[in-house]
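To start, the structure itself, in structure tokens.
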Amino acid sequence: MSAKYGLVSYNSSRKHISISIPSSTEVMSPHIKSVEELRVLGINLSIYSSPTQFMICVAGVFLFYLIYGYLQELIFSVEGFKPFGWYLTLIQFGFYSTFGLVELQLTQDKRRRIPGKTYMMIAVLTVGTMGLSNTSLGYLNYPTQVIFKCCKLIPVMIGGVFIQGKRYNVADVSAALCMSLGLIWFTLADSKVAPNFNVTGVLLISLALCADAAIGNVQEKAMKLHNGSNSEMVLYSYSIGFVYILTGLLCMGGLGPAVAFCSEHPVKTYGYAFLFSLTGYFGISFVLALIKLFGALVAVTVTTGRKAMTVVLSFMFFAKPFTFQYIWAGLLVLFGIFLNVYSKNSDKMKLPSIKDLKSWVLTGKKVRFLSQNV
């Protein structure tokens, strides 16, 4: 019997049902060659064992994002470059669009699946996230910026309460509270010891954080609804964002001075920006692979460890004032991240909830009290 037909018997009558089975050569998705195969930068992770896959993904995340963070701070350490954060974002968007175009050309399905209006909205959020984040480095220390970027939960929860009327459990509220206190502590410490501290930088990175909290949900919904690929998302969102930034720089008169400055230091600006964009593009590929293979919990844990390492390396490679308040504030933020991850995955991993832990503690105290009375 042919593989394309199934035979069903009902009341002595025959009904033939045609079943279409895609061959191995057909492309099931514009960015997945087969169900079993997962490639990252040409590496077929499917042929390796699970521990090896994990080590490759972790190594890729740490390697590329640590270089990414180092190059970002290195660019802004060039004397006179700090006012040109938006121009760096323009260059970065241009490189990302080129990388996305090259990757899309390597796939067999090159159609645009997500509507243009959706891409225009995503581009606005992407410009806000990366542009404001880059520009904030002209006013803040790099470690302060990284600590802020670790606290995406705060604007997400605020938006959920006021926009969707959501209610959060004790663990989530405690996580947001720890992050908020840690951010305030870190910012106050930075304002005392950092000579280039400016409240404008706090405002810029806070707005970038809000845009970053929104963009993930919009991208995920668009890709699931329209079955869009990663390369398509990168190409169209960053190319439209490139037009937005270019238009803004032309209207504000910021393009000419930036081009003139970078022309005087081509290696330290364009050269570093190319490597900065390339490593960022590679890093996100390994993060997506980590999510697909091991889930969001593991990915968040790895990326949080990477951000902590980035802060440490920033103090090691770049001369800047230091105070132990940075350490205590950073630990408070990390504890808030742990509470958030614990809350989101306690059911999946069959971990006791905060309420269960509280009841156990109270029960233990009651038992000890009774034993003392006896």
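Here the Cβ of each residue, glycine as well, is placed from N, Cα and C on the backbone.
Caution: TrEMBL annotation is automatic and unverified by curators.
Record features (TrEMBL):
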- 54-72: transmembrane segment (TRANSMEM)
- 84-106: transmembrane segment (TRANSMEM)
- 118-140: transmembrane segment (TRANSMEM)
- 146-163: transmembrane segment (TRANSMEM)
- 170-188: transmembrane segment (TRANSMEM)
- 194-215: transmembrane segment (TRANSMEM)
- 235-258: transmembrane segment (TRANSMEM)
- 270-290: transmembrane segment (TRANSMEM)
- 297-319: transmembrane segment (TRANSMEM)
- 325-342: transmembrane segment (TRANSMEM)
Highest Cβ pair tally under 8 Å against the transmembrane segment (54-72), stretches 84-106, 170-188, 270-290, lands on 270-290
Contact count check, CB pairs under 8 angstroms to the transmembrane segment (235-258), set 84-106, 118-140, 194-215, 270-290; argmax is 84-106
Tell me if the transmembrane segment (84-106) touches the transmembrane segment (194-215). I count contact as 3 or more CB pairs below 8 A, with pairs 6 or more residues apart.
no
What else in the chain is close to the transmembrane segment (118-140), if you only count residues 6 or more beyond its ends and a Cβ gap under 8 Å?
72-73, 76, 82-83, 85-86, 88-89, 92-93, 149, 190, 194, 196-198, 200-202, 204-205, 207-208, 210-212, 214-215, 218-219, 222, 226, 233, 236-238, 240-241, 244-245
